[in-house]
Amino acid sequence: MNKIELGVNIDHIATLRQARGTAYPDLLDAVRLVEDAGAHAITIHLREDRRHIQDADVYAIRQMCTRRLNLELAATDEMVGIACDVLPNDACVVPEKREELTTEGGLDIIGQFERVRSVTQRLNAANIRVSLFIEPDIEQIRRVPDIGAPVIELHTGTYANATGESKQHELRRIQEATEFAHNLGIQVNAGHGLDYDNTQAIAAIPQIHELNIGHSMVARAVFVGIRQATVEMLELMQAVRAGA
Ligand code: PXP
């Protein structure tokens, strides 16, 4: 069976905690439940403004998580320094603007080639597997080997927000970008805006290795708990891979 993995982004459990400055909900409890449900990775984004995940969370989760830790980070010296100290298994380099609600769009690795390459090389040297969060754009993907990142995460936000024919068009872009990157020997992950309705079409792309999903799962967890929300998402993803 052609397997697909799930990284659960728990940033928004921290958003709920930060809204009141309380000690709860406890992120470490969330990590235990998500891992127990069968997730393959824990994903967290330490933002420059520390709006949800805090530095102490990153260290505490690193200590206790038993699956892969995927740290999302901006291409800044501060974040690379923290990553090289924490040593997550994976680091996903993302664009970051202070005023945005969430990560909007992929990294421009053509425009920021030197910075992204130098960040990637520093993380590679620390044995952290680097993933670049980019748009499903062939010209961007063409430059990935020169940057030296073994993994990309395709931004699925435009697909998630599209409706009607443009949704099919966005899905085709992701399929073509995945195939192109896979043929270059790059591991392809995907994420952003994926939910219980739109994930299966992405999970059905056979070369996609991992999905990183957060907001929709934390929202679902309000009603069914984060363990069940994780089980449900894994079942959806795996159903379209069964027998593939
Ligand atoms: N992948 C990356 C690189 C992200 O920045 C985010 C949002 O933090 C996600 C996946 C998860 O997106 P969502 O919360 O919309 O599922």
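Just so you know, glycine gets a Cβ as well, placed from its N, Cα and C.
Bear in mind that TrEMBL entries carry predicted annotations, made automatically and left uncurated.
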(request) For the 3-amino-2-oxopropyl phosphate site that TrEMBL lists with Arg20, Gly193, Gly214, His215, give the additional residue from the candidates Asn2, Asn9. (result) Asn9
(message) Fewest other C-beta atoms within 10 angstroms of its own C-beta: which of the recorded positions Asp11, Glu72, Glu153 fits that?
(response) Asp11
(message) Of the residues named as 3-amino-2-oxopropyl phosphate binders, Asn9, Arg20, Gly193, Gly214, His215, how far apart in Å are the Cα atoms of the most distant pair?
(response) 25
(request) Filter the recorded positions Asn9, Glu72, Glu153, His192, Gly193, Gly214 down to those whose C-alpha lies within 10 angstroms of the C-alpha of Arg47 (1-deoxy-D-xylulose 5-phosphate binding site); answer none if the list is empty. (result) Glu72
